[in-house]
Each structure stands twice: as structure tokens, then as C-alpha cells.
Amino acid sequence: MDRIIEKLDHGWWVVSHEQKLWLPKGELPYGEAANFDLVGQRALQIGEWQGEPVWLIQQQRRYDMGSVRQVIDLDVGLFQLAGRGVQLAEFYRSHKYCGYCGHEMYPSKTEWAMLCSHCRERYYPQIAPCIIVAIRRDDSILLAQHTRHRNGVHTVLAGFVEVGETLEQAVAREVMEESGIKVKHLRYVTSQPWPFPQSLMTAFMAEYDSGDIVIDPKELLEANWYRYDDLPLLPPPGTVARRLIEDTVAMCRAEYE
């Protein structure tokens, strides 16, 4: 699936190492390989964006290595491809040896997988399913400031799905653990790959059922009900959290205006 990059190869370049992304001038590189000193590197095409190939190169650059969060304002499709590249690079880096027998592994030529040369075990990139849910109570939405977001951003509740748990059960558990309330009328909305580090966000909307807000201080700094026309600082556009909030606001406007 991979090949050596030549001088006239062009497209978008995802150069990644240890979950970092090469961002010269703070941007995802685009153009001919020769312009970025990438000729001769081994690359894997991981998709296309607006008719141009998107290449993954597993390489550590001395300067300008940053987080994929820095390109979150890109078009959603290109951001997802950048996230795919970072996740694949880390997968290949962390699966050089078989977890069963310890022998060296090699990449599959037909799919994104690593194969053991000894016991023939096959490994795929790990994906961690998560839930994220917007909770509405009359004309208000529950928004929280997470301990990991100390920049004033308020967002909806989210968490990882546990082993042996349905998505619906995960929503009920996470909401109760983080905020102390119960929800009802759960409705699936959409999903979004989220490379922090390898999540798949499954988005829901729900209605408040019962209980008072009691936050988990290990997870949240605060949580409150906010009227739809008086909201705090929100996640950036393009995130599934922002979509859930905007969808909830639209529902409130339709009912209360």
C-alpha cells in the first residue's frame, strides 16, 4: 500500500510521529513533495481531499511538531483525514512486535493492519467508542466545564463506553456519574472520529428526567443549565459537541420564539 515519494508527487502531507503532527507555519503541508523535502520518503495514501491525495509519512521532524488539535479549524473532512493519519502512524509505531508471541510484525498490503510473521496474528487500529450527549430541560441545555478544559469552554457531557455496555447504558451511566441526573427519550444524532487519542464519538440528544446537579469534581469544574439564548463560551464549529448544542438551540427556538 505504501511507496517511495517522488519529486512531482503532490497533495496533502500528514507527517506524524508519537501522536504529533508536522505543521510548518502552523498549517498542514500542501503542494509538491520537493517543496517540503519529502522526496525519497516512504508514504501511504490514506485518502483524498478535494481531488488531491492525502499522504501519511511516519517521520519525526526537528521543528514544528504539534498537536492535531491545532488544525481543528480545518474543514471537517480534512481534519478527519489528518486525525486518521496521526492514529495510523501511532498504530504502526506501537505494533512492531506481536503481543502474543513477541515476534516482529509487518504491515498488510491490502488493509490497515499489522501481521505477525510467526503466529499469523492480525492486529487492527484500536478504536475507543465514546458517547456524547446534549441534555435539554425546557428552554435550557446542560453545559459543563471539564477539568481538562481550563480555557472557559463549556460543553456537553461525554465519556468512554465500558466493556459489555450498550451505548444507551453508557449515556445513562456517564450522565449520572458526572452530573447526578437522570435522562430520558434518548435519540441518536450522528458520529465523529475523534483522534484524542483514538475515539469514535457517538452523539445523542436526551431530555432531563430527574435529579439535581451534583458534579464529579474529578471530571468537572462546574455544570449548570443555560438558557438557549444566553450561552457561555462553546466548543469550536466542526466539532460534534458544537453540533449537538446548535441542534438543541434550534429546537428551543422553534418552541419558545
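The backbone N, Cα and C atoms fix where each Cβ goes, and this holds for glycine too.
The structure displayed is predicted, hence computed values, not measured ones.
Substrate binding, as stated in Swiss-Prot, involves LYS25, ARG69, GLU111, TYR124, GLN192, PRO193, TRP194, PRO195, PHE196, PRO197, GLN198, SER199; the candidate among ALA223, ALA241, ALA250 given for that site is ALA241.
According to Swiss-Prot, the residue from GLU121, GLU219, GLU222 that belongs to the divalent metal cation 3 site alongside GLU174, GLU178 is GLU219. Swiss-Prot assigns the feature motif 'Nudix box' to one of the listed ranges (137-158, 159-180), namely 159-180. If you take the Cα of PHE196 (substrate binding site) and the Cα of CYS98 (Zn(2+) binding site), they are about 24 angstrom apart, rounded to a whole number.
In sequence order, ILE132, THR155, VAL156, ALA158, LEU234, PRO235 constitute the residues six or more apart from ALA241 (substrate binding site) in its chain with CB-CB distances below 8 Å. Non-local neighbourhood of GLN192 (substrate binding site): GLN80, LEU200, MET201, ALA203, THR239, VAL240, each in the same chain, at least six residues away, with C-beta under 8 Å from its C-beta. Taking a C-beta cut-off of under 8 Å and a sequence gap of six or more, GLU219 (divalent metal cation 1 binding site) has these contacts in its own chain: HIS146, THR147, GLU177, GLU178.
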